[in-house]
Each structure stands twice: as structure tokens, then as C-alpha cells.
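These come from Swiss-Prot:
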BINDING   Gly11, Pro12, Ala13, Ala14, Ala15, Gly16, Lys17, Ser18, Thr19  ATP binding site
Amino acid sequence: MEQRITVAIDGPAAAGKSTVAKMIANQLGFIYVDTGAMYRALTYQALQEGIDPKNEDSVLTILMNSNIELRQAENGQRVFVNNKDVSEEIRYPDVTSKVSFVAEHPSIRKEMVSRQQKLANNRSVVMDGRDIGTHVLPDAEVKIFLIASVEERAKRRHEENIKKGIPSDIKLLKKEISDRDEIDSNREVSPLIKAEDAIEVDTTSLSIAEVKDQILNEIFKYNTQNNKGV
């Protein structure tokens, strides 16, 4: 890697962002930053402390007093809150159903964006989320926007949950994903929208390997056009 390159991957829930972002980061030797995991970690901590996720001031207090870390490990990225590994807990249904309420608070997003930008300082990163290309890393060299049908996304999340031993109901997942899309797309601060210069990839009928290859091609194309090496 000769020069710093940032890759922003955005899209709705269960569009395949995290899976493909991790693969690309591993292949290129970049740092992977899962911004969604940061919001989930905060949501988990709020629930642990008996705080209503809709109470912005209380959730902000928890955030300002919590150390949320994304640590790289042999078995992938691990998520820690105050030195406690919560990588599995943040994927449970109670967190999934509440994270949108936490993520829509303006003060929470402002603080999270600041933390995420610091993680990308002077590093080559692949960062995924919902507002990376528009707000967190607006100057990212490569911006990707992944989409997929609600049915396909629910199926993927269901299969993922089953593999992890997490209770899962595909009908409920469809509703949760549709509701999440509505909240994410219509919130006042950093809504889920495609950046003007982002490349859209519909992953509905594509394998993860095919999605990965498409994104890698865009990264290599950028490198060739700008004389940057990976």
C-alpha cells in the first residue's frame, strides 16, 4: 500500500455491507470499521443500564462515558464496550429492534461520526454503514452503495442468525427490515441516501464473491486512474 485509500460502503440493513467489507479489507490489508457495530454496542449498553433508547440525553450520557472499541482478531473484528466483549450480544433481536432509535439521535450521530473519522485518520480503511459516503467520509476515494430486495435481505439475516444460534423469525425480520428502512431513510440527521458519486450495486441475485469482485474492480480502477498502489 503506497498511499492512503478510503473505501465507503453504504446501504440498508442486511444488504451485505459488513460481510463484503471485511473480505475486501482482509484481501487488501486495510483496516475494517463496522460503524453499525458501534451503534449496536451503544444500544446494548443503554439496554443493560435500563435506559430508554428513545431518550437522547440519557443515551448520549452513556456514550460519553463508554469506551467502544473495534478490535481486530484472528476470527474477525470484535466489539468491546468498556473492555467487555459484546460481539455476540449486539446481534441479538432486542438490540436489533432498538438500534434505529439510538442511531437517529442528532447528538449521538455527531459524536459517532467524530469517532469514526478519527479511526480513519491516516489509514487505509474500508468503512461500512449508512452515511459513510455522505457524512463520515465524504471525500472517500471509492464509494459504493449496496441494495437488495427486502425479501432477500430478510433471508440473509435469518440464515445468519440461525448459524449464530440466535432466535430468528423470517416474517418478523421482513417487518423489522422494512421498518428500519423507513426510519433510516427519513431521519433528519444523516439519512440513508446514496452519495452522488457512489456506485450502486444490486446484490439481490449476486453471490458475496461477485459483489466483492465488483467492488475490488472499482478500487483497482481508481488506483489505475490515479496512480495509487494497493
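Cβ coordinates come from backbone N, Cα and C, glycine included.
Computed from a predicted structure; not experimentally measured.
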Gly11, Pro12, Ala13, Ala14, Ala15, Gly16, Lys17, Ser18, Thr19 excluded, remaining Cβ within 8 Å of their centroid (ATP): Asp128, Leu146, Ala148, Arg153, Thr203
Packing count at Ala13 (ATP binding site) (other Cβ atoms within 10 Å of its Cβ): 25
Cβ atoms near Lys17 (ATP binding site) (within 10 Å, other residues, all chains): 27
